[in-house]
Structure formats: structure tokens, C-alpha cells
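Structure first, then comments.
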């Protein structure tokens, strides 16, 4: 049957692709590798028995690379296996130290979004610091991507997270990436215009619907 992928379905719409950034990262990788795959959308509010049989803890995303292989969890591990099994075209980030660029943005973003007192707890400045670090990297290295003129795994990891950041902070907090961070803003435009991103992104309304319960709104 080839590659199969289990990813989150949209909140309230079990037949529509959901908002999980880690699931989108896997789909982006498969798309940019031009690999055929079958998608299973999993309603996390009503997980099917067959899914719980292969993932008792309900972990997503999951990938199976062949019919006689086991399902694999953890997006880092999955991306590594994809690169190992299907090395062309290469998505390896080089030099290796660039692979961690922007890695702290997701944590800072979630802390800021869920903060009850961001004006005083420093979560706003923590996020700004991480975005400024990304902006500095993009400004001082040839782009438009983190490691040069070609998209690599670090970009495919950052793209869904920056999409969540832009969508949720804009909707719930009327906040956006400062205009002074021109390199980050341009980088986001490039990422969001990728054909693979357009094909694998969740609609903004489903992303917002998924975050709302976590924010008590």
C-alpha cells in the first residue's frame, strides 16, 4: 500500500485536515519529496478503535512506510526515516547547526498565547527575543530559507509553527510580528506561498476553533 499517515482531523469536521503543526510537518516533508501517501484523518474527540489498537496512547502523527512495517510516532523520528529511506531530493539542513534555528519560537509563542499576565510575566518579550534571533539569522545569511536558497527540514518544521503563531495571536490578541522584523515577515510569506504548504495547511477557522478551548474563550 505504500506510505500511510495518520494525522489530526479538524475540530468539528472529521473529514477535513486538522491543525496539528507536527502532522503538517510530516505532510510537508512527503510533499516536498514528491512521495505518494495515503492520509487517515483521526477525530481526536472520538478516536476509532482501529487507531487505538495501533496507538493506545492516541499519539499523532503516525506513519507506516510499508504494509509489513510498524507505525512510527514522533515527528523528528519520522522525518529522519523519510530522509534516510528517500534521500532525493535532499532536505537535510546544512550546516547542521542551522537545524536548531528558531527551535525555541514554539515554546515562547505558546507561553505568550496562554499567559494570564503577559504584560508582567515577560512572555511577550521572550517571544520577541526569539523572533529577533530568527530575524538576525535571516538577515546575516543568504536566503530566502534558513540554510540558503533551498527549503530544508528546518523550514518545514518552522512553517506550521509560524502559521499557528500568526493566526492565533492575530485572532485572540490582535498581535502580529512587528514590522521592524522585515526578514521574519518576508520569510513567512515565502513559506506560506509554497505549493506544499498551501496543500497541507489547515483552514484558519479550524485552527482557531482548536485553540479556543485551551484559552477558555
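Here the Cβ of each residue, glycine as well, is placed from N, Cα and C on the backbone.
It is 20-25, from the ranges 8-13, 14-19, 20-25, 26-31, that Swiss-Prot records as motif 'Glutathione-binding'. A Cα-Cα distance of 14 Å separates residue 214 (L-ascorbate binding site) from residue 164 (glutathione binding site).
Cα-Cα distance from residue 20 (active site, nucleophile) to residue 164 (glutathione binding site): 9 Å (rounded to the nearest whole number).
For residue 211 (glutathione binding site), applying a Cβ distance below 8 Å and a minimum sequence separation of six or more within one chain yields 19, 113, 164, 168, 172.
Applying DSSP to the domain 'GST C-terminal' (86-217) sorts its residues as follows: 87 helix, 2 strand, 43 coil. In the three-state DSSP scheme, residue 75 (glutathione binding site) is classed as helix.
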